[in-house]
């Protein structure tokens, strides 16, 4: 299966400094970001993403205040990158087109516009705007496990029609099984002219496997984070992915040892809460819940004295998606009063 | 692919109290073993394995002394199990037939006889003896990535001919890719009348994925450890595997929550060194080195002031296998003097 993919260079997008913000409650210091960015650039990562975990303007009461402003983070990392392109994430409704203008002015090359997997239409103006500005423009269909493949393809075609250079199957809950990943990525690859991407979380321990499956199914870009640094059980751990790609004969062009050094010496020591598939992170994947709900849920569980697993199962049952973070407290309160 | 396997009940063998010994330098207390065994039994694990990490009589200078005798561990766990069968591991040359007699007398139900993947013939007398004693008798072909599939099948047929009820593809280095797992397990399933098993390590982050692939390819028994507690990056994490099996429709009969509680509350707090796919553990899979060499290698690297990754790459290049632990120091010394 790998022979068909072995000649294509896969683009690698690192999320350590964006999705990884979730794992730290958005508290990276600028120096920490710079140290990570230096190693990523040395490892020849194609694209380095920097934003609040919930994208540009996520720095807020509802999504959590970050230690520094977006400008401070982005400008510091921009100055560090010699090889890699710089990306930022934007969730329409949290960020606006004006934020894309500002991102471009700060030297961002790639804008990634993320919506729930059935709401591509709200990304229209942002994707069109990114294209107009000459940015590498990506559409991100989040919580992709929640919608049938045919509908996901329809949504992806909308994003392509707005001008996206690449549309992602985004497994925000880390809930996709391998066959589901193969089916969804393969269907997008078949239906689209533009690139297809894949982003996931390790909540079911399938982070690396599903990314390999996605590449086999035709993905052109894949995401990972050093030491998995991301929401929930973390993203696909980038250094592990690159080792497996090397053994599999998938061409990425990335260098393994700087990534391992970055994971062991810089990123893992920063993790206040180990980023791993422990019980609550596993339950995200099992219940199909947005990975960035993990820390919110653990705080709510402690505050109301309820089992975080029960909160997660209930959030999954109700089909809660990103933007409904305030419902976590409501669910915890309800469970408490039962 | 999963529909064909969904009706078959998969037998689950837990290795937390055997392979997990490696992760603790063989220092479980009896009370810790009992606490884990109680949860495994509550979760309806089919088979619970208890032995020194390197099998019966591994308690020695070369393989590391354990905190208690085998008898103390086995008898304490035996008294705790109401549902699960009790297994012990034996590596011919470390343990002997007399140890199988003794294991049976202590209430062991399953004897697992492990050899390097090209040395099934040294297991003949032990497998025959296990059968003669009426034990559930398993052959374990270790470092399965090191030999071509046709030769692995030939070795497995030898173990079957000696009387094994089940023969394992054992990925001791955590080095198998998914297609390799599918090929090897599928070939054994095709060639043998007896059961086929699969045991692996998470060194390439594929612990859960490869176990699912093995089940799809026809495995009848699979191994896992709670929180992955095992050598190297650990075994397939059992609680994660069971969650994925449930979502996939694979019947195991195991209960998820007692496994999660055991992982979060009992096993992970015991880990002095987190059992995870960090740099050195990743290098085991990348270089194809026996997982239980990890701690030996880290100690040798520190003693001689060399990069543990360089030792692991050299051990892989030389094709070192279990039993050659003394070569680790030699390699470290050589690298130091270069």
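Glycine residues also receive a Cβ, built from the backbone N, Cα and C atoms like all the rest.
Binding of substrate is attributed by TrEMBL to B:18, B:19, B:172, B:199, and within the candidate set B:286, B:290 the record adds B:290 to that site. In sequence order, B:15, B:22, B:53, B:114, B:142, B:170, B:201, B:230, B:231, B:235, B:291, B:292 are the same-chain residues whose CB sits within 8 A of the CB centroid of B:18, B:19, B:172, B:199, B:290, the residues recorded for substrate being left out. Within 8 Å of the centroid defined by the CB atoms of B:19, B:199, B:201, the record's Mn(2+) site, lie the Cβ atoms of B:15, B:170, B:171, B:172, B:174, B:200, B:223, B:225, B:230, B:231, B:234, B:235, B:236, B:291, excluding the listed residues themselves. For the domain 'Pyruvate carboxyltransferase' (B:10-260), the model's average pLDDT works out to 97. Those residues noted as binding substrate (B:18, B:19, B:172, B:199, B:290) have their most widely separated CA atoms at a distance of 16 Å. Among the recorded positions B:18, B:22, B:172, the ones whose Cα sits within 10 Å of the Cα of residue B:201 (Mn(2+) binding site) are B:172.
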